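> Mind having a look at this structure? Questions to follow.
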Amino acid sequence: MIRVSVVGAKGRMGSHVVEAVRAADDTELALALDAGDDLTQITPQNTDVVVEFTVPAVSLNNVLTLVRQGVNVVVGTTGWTDEKLDQVRAALAETETIDGRKQSVFIAPNFAISAVLADVFARIAAPYFESAEVIELHHPDKVDAPSGTAIHTAHAIADARKAAGLGEMPDNTQTDDGSRGAVIDGVHVHAVRLRGLNAHEEVLLGNAGEQLVIRADSFDRISFMPGVLLAVRKVDSGEFPGLTVGLDQFLDL
C-alpha cells in the first residue's frame, strides 16, 4: 500500500483527494493536514507520497519543507513560475536518496485527463494555423488568473509554433484597454470567472476560412481524482526522480 498524506485536506480539492485515497485499493491515508498544521509531522517513516493542494501564496514553502522532510510530493496547487520551479530543483539537488531512490516532486497544471489531452492536441495542431488564442473559464472563487492550465497550454502552443519556424500571429489591434487579455509567450489568454462554472478551457485556432476549437470541460472535481492517483503511483514507483511537470509525462502519448 502507498501511504499518502494530504496537505490542504479540508479544501475543495484536498477533501476529494482524501476520499479518493481512502477509496483506492492500493493507497491508504497517512495524515490529513490543513492550514496551521505542522508539516514536519510528515516523514518517510509514515508517508510515501504527499499530495499538496493549497493556495499559491504558501505552496512553494510547503513543497520546500516537504522536500527537506525527505518525502515525495505531488502538487496540484497552481501559480508556479519558472523561478519557483528552479527553487524546487535546487532543493531536490541537495537531498539524499530515499531507500536508494532519488526523491521526486511532481507538479501538474491540471489533473483532468481531458484537459491534459486538450493541451497535447493544441500542441499538435498549433503549427498548422496562423492564429491561436486560449480562453479559460472557472468559478469565481479561483484566486489566480490566468489559470496554470491556460499558461501551460499557451507555452505549448508557442513552443510548437517556434519549432515549426512560424512568426508572430496576425493582429492589427490598435486600441486594447485590457480587452485582448494576457499575453503568454506571444499567445493571448483570456480568463472568465462566472458563478456556476467549475473548470473549462477552449483553444481557438484559425486560418483563412476555417477554425478548429479544442475544448475541455471538468464539471466536477471528481474528474481530477484519476489523474491525482496516477501521479501518486508514478511518483511512488521511483521511475521519475527529480522534478516532473505535467501529467502528460505519465501518459503513453
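For all residues, glycine too, the Cβ spot is worked out from N, Cα and C.
Below, the features straight out of Swiss-Prot:
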- GLY8, ALA9, LYS10, GLY11, ARG12, MET13, ASP34, GLY76, THR77, THR78, ALA108, PRO109, ASN110, PHE111: NAD(+) binding site (BINDING)
- HIS138: active site, proton donor/acceptor (ACT_SITE)
- HIS139, GLY148, THR149: (S)-2,3,4,5-tetrahydrodipicolinate binding site (BINDING)
- LYS142: active site, proton donor (ACT_SITE)
> Which residue, out of the binding-site residues GLY8, GLY148, shows the minimum number of other Cβ atoms inside 10 Å of its Cβ in this structure?
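Across GLY8, GLY148, these binding-site residues, the one with fewest Cβ atoms within 10 Å is GLY148.
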> Which residues in the same chain, at least 6 apart in sequence, have a Cβ under 8 Å from the Cβ of LYS142 (active site, proton donor)?
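Once residues fewer than 6 apart are set aside, LYS142 (active site, proton donor) is near ARG193.
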> Could you tell me the maximum Cα-Cα distance in Å between the residues recorded as binding NAD(+), namely GLY8, ALA9, LYS10, GLY11, ARG12, MET13, ASP34, GLY76, THR77, THR78, ALA108, PRO109, ASN110, PHE111, rounded to a whole number?
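The widest Cα-Cα gap among those binding residues is 21 Å.
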> Sort the binding-site residues HIS139, GLY148, THR149 by C-alpha distance from THR77 (NAD(+) binding site) and give me just the closest.
GLY148
> Taking 10 A as the limit, how many CB atoms besides its own sit near the CB of ALA108 (NAD(+) binding site)?
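Result for ALA108 (NAD(+) binding site): 29 other Cβ atoms within 10 Å.
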> Quick one: what's DSSP say for GLY148 ((S)-2,3,4,5-tetrahydrodipicolinate binding site), helix, strand or coil?
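DSSP call for GLY148 ((S)-2,3,4,5-tetrahydrodipicolinate binding site): helix.
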> What's the CA-CA gap between GLY8 (NAD(+) binding site) and GLY148 ((S)-2,3,4,5-tetrahydrodipicolinate binding site) in angstrom, rounded?
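Cα-Cα distance, GLY8 (NAD(+) binding site) to GLY148 ((S)-2,3,4,5-tetrahydrodipicolinate binding site): 18 Å.
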> What is the total of other Cβ atoms whose distance to the Cβ of LYS10 (NAD(+) binding site) is within 10 Å?
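Its Cβ has 13 other Cβ atoms within 10 Å.
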> Can you check which residues sit near ARG12 (NAD(+) binding site), meaning Cβ under 8 Å from its Cβ, same chain, 6 or more apart in sequence, and list them in order?
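The list for ARG12 (NAD(+) binding site) reads ASP141, ARG221, given in order along the sequence.
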> With every protein chain in view, how many other Cβ atoms are within 10 Å of the Cβ of THR77 (NAD(+) binding site)?
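Its Cβ has 24 other Cβ atoms within 10 Å.
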